[in-house]
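Annotated topological domain 'Cytoplasmic' per Swiss-Prot: 1-24, 81-99, 291-346, in sequence order. Per Swiss-Prot, the feature transmembrane segment maps to 25-43, 62-80, 100-123, 265-290; the stated evidence is sequence analysis. Among the features that Swiss-Prot reports, topological domain 'Lumenal' is placed at 44-61, 124-264, with the record citing sequence analysis. The N-linked glycosylation site annotation in Swiss-Prot covers 53, 229 and is backed by sequence analysis. The region 'Interaction with MREG' annotation in Swiss-Prot covers 341-346 and is backed by similarity to another entry.
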């Protein structure tokens, strides 16, 4: 028994074809939107690729770009099919291809849904990518004279200013690395010598942060150095003082930015997916309604359209059976090829 059977007369078939034609061209515009979102995300990721781990993947933006292009192609073709469906002579040339085309549309909808899920699930991989990338970026902050790394200081400073953040997880991350280049250290100074000798790795570590960590909204002049030394500053207690530095770490700030971006893109892609599913269902009804016309010479006659020719369970069983037959035929062909090679070897 057919699933979700609907009766169509000529007027209903024409309205369905016209409605699907309009929806397909709207979906072409939606495909352009998805393509644009993927391109925008790719550009945003590349802009900050210097503070991301090298293993950072562009799978999601690339997938959005591909899905956007495919959406434009498939829906343009579907729009042409719906337009020609109004003319029996023109529809005849599409008739043999419509069923395979619907199967491709189902696969496209599955792929689009998976890409939508990836948009919402990207946060986990992005978090580890940012953690490693920012850590390495801060490590190279001082290498202003090293080719290939001389830009890192500007990159980190601009990042901290733009996103109002400091360090990887917080401002104390700067205490654990030497962010001042040896070029600007006076090695004849006793303080510099003592600091380097007191460190196992021979690094010059200070309880200070770069200028880009300063919050300009603070009424107090920025305290960059000796942040943990209360006596170095008037009326200051680092444990209770609300520091005039950015409180948030850059990993959390970037993660929040990209997560909101990905959630918005995921929501848009989900709406487009629902729209595409609706179009595919409509195409299925149009296909079965036109196939069910008993007398092609009488376009006014009624016909029946359905979503599935059989029930869900019967359709699933038939699908599994077809897979088994396909597997057996491949196995027989492989055995035949092996048998043909054996006499040649003899």
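Glycine too: its Cβ is placed from the backbone N, Cα and C atoms.
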What same-chain residues lie close to the transmembrane segment (100-123): Cβ under 8 Å, and 6 or more beyond its ends?
59-60, 63-64, 67, 70-71, 74, 77-78, 81, 255, 258-259, 262-263, 265-266, 269-270, 272-273, 276-277, 279-280, 283-284, 287
Residue 229 (N-linked glycosylation site) and residue 53 (N-linked glycosylation site), distance between Cα atoms, whole Å:
35
By Cβ count within 10 Å, point out the most packed of the glycosylation sites listed: 53, 229.
53
Chain residues in Cβ proximity to the topological domain 'Cytoplasmic' (81-99) (below 8 Å; excluding those fewer than six residues from its ends, i.e. six or more beyond):
13-14, 17-18, 20-21, 24, 283, 286-287, 290, 296, 299
So what's the mean pLDDT when you look at the topological domain 'Cytoplasmic' (81-99)?
79
